[in-house]
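Student: Dumping what Swiss-Prot says about this protein:
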- S17: phosphoserine (MOD_RES)
- 52-81: repeat 'ANK 1' (REPEAT)
- 85-113: repeat 'ANK 2' (REPEAT)
- 117-146: repeat 'ANK 3' (REPEAT)
- 150-179: repeat 'ANK 4' (REPEAT)
- 235-288: domain 'SOCS box' (DOMAIN)
Amino acid sequence: MSSSMWYIMQSIQSKYSLSERLIRTIAAIRSFPHDNVEDLIRGGADVNCTHGTLKPLHCACMVSDADCVELLLEKGAEVNALDGYNRTALHYAAEKDEACVEVLLEYGANPNALDGNRDTPLHWAAFKNNAECVRALLESGASVNALDYNNDTPLSWAAMKGNLESVSILLDYGAEVRVINLKGQTPISRLVALLVRGLGTEKEDSCFELLHRAVGHFELRKNGTMPREVAKDQQLCEKLTVLCSAPGTLKTLSRYAVRRSLGLQYLPDAVKGLPLPASLKEYLLLIE
């Protein structure tokens, strides 16, 4: 190799610090094709260094690399560190990958960490309908009724997307279905906002039925009138008008009250121990 070529390569090599190269290697941006994470760390790369808005651990979660996540944690990465967006690695993992979530939780990640908008990892797992991440977070102590800056809960986030699987799990863990955010919206009204766009699927219809069973009774009208967006869809408007006009029955209201009285726990286990007929247990668990 000529001296000029060697000089050029040395200049390129020195352009990036070891820590910058670590980020690029994790993200598979191969500026140096022969770099690997373990060698870079062994060579002195800082596993907690921030480049731009990124930290190595957060980056590994973005690309769903659970092995890399564990390696970084073994080498001293701070599990609850915040990146440039005030998010923890668990916020990113919750959106994408259960394996990364499990590793982070094993190393002490805070399941109730707040980002800059007061969103928890559970909010993001529910929004992305990553049902296994939702379950893993709840099993590790995530607050099922955590409030973001708008007083929306993970259930509200799941409902606004019609995420049936996540809604079902959250309800199993006692999520409050009548919570009202700062704009006066409830989980079921967030779902209705999706349905009125004409984008409803069979799964979203099932999500609506599940939320309706859980809430017992709901009201969308103001001064007896449906919102203008709902009124544009005659068929949906008629259906919702009937549901809103019908008073909650003693049976449905009792179901809501009993479920709420059981508190924040895994309701299928709690209901199983109640001295009730099997049919009533199924009713309490919203199985119809």
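For all residues, glycine too, the Cβ spot is worked out from N, Cα and C.
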Student: Give the sequence-ordered list of residues that share a chain with the residue listed as 'phosphoserine', lie 6 or more positions from it, and have CB atoms under 8 Å from its CB.
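Tutor: Spatial neighbours, sequence-distant, of the residue listed as 'phosphoserine': A45.
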Student: When DSSP states are grouped into helix, strand and coil, how many residues of the repeat 'ANK 1' (52-81) land in each?
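Tutor: Across the repeat 'ANK 1' (52-81), the residues distribute as 16 helix, 1 strand, 13 coil.
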Student: Can you break down the repeat 'ANK 4' (150-179) into helix, strand and coil residue counts using DSSP?
Tutor: 16 helix, 0 strand, 14 coil
Student: Which sequence positions outside the repeat 'ANK 3' (117-146), separated from its termini by at least 6 residues, show Cβ-Cβ distances below 8 Å to it?
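Tutor: Tertiary neighbours of the repeat 'ANK 3' (117-146) are 88, 90-91, 93-98, 101-102, 105, 111, 152-155, 157-158, 160-161, 163, 165-167, 169-170, 173-176, 179, 264.
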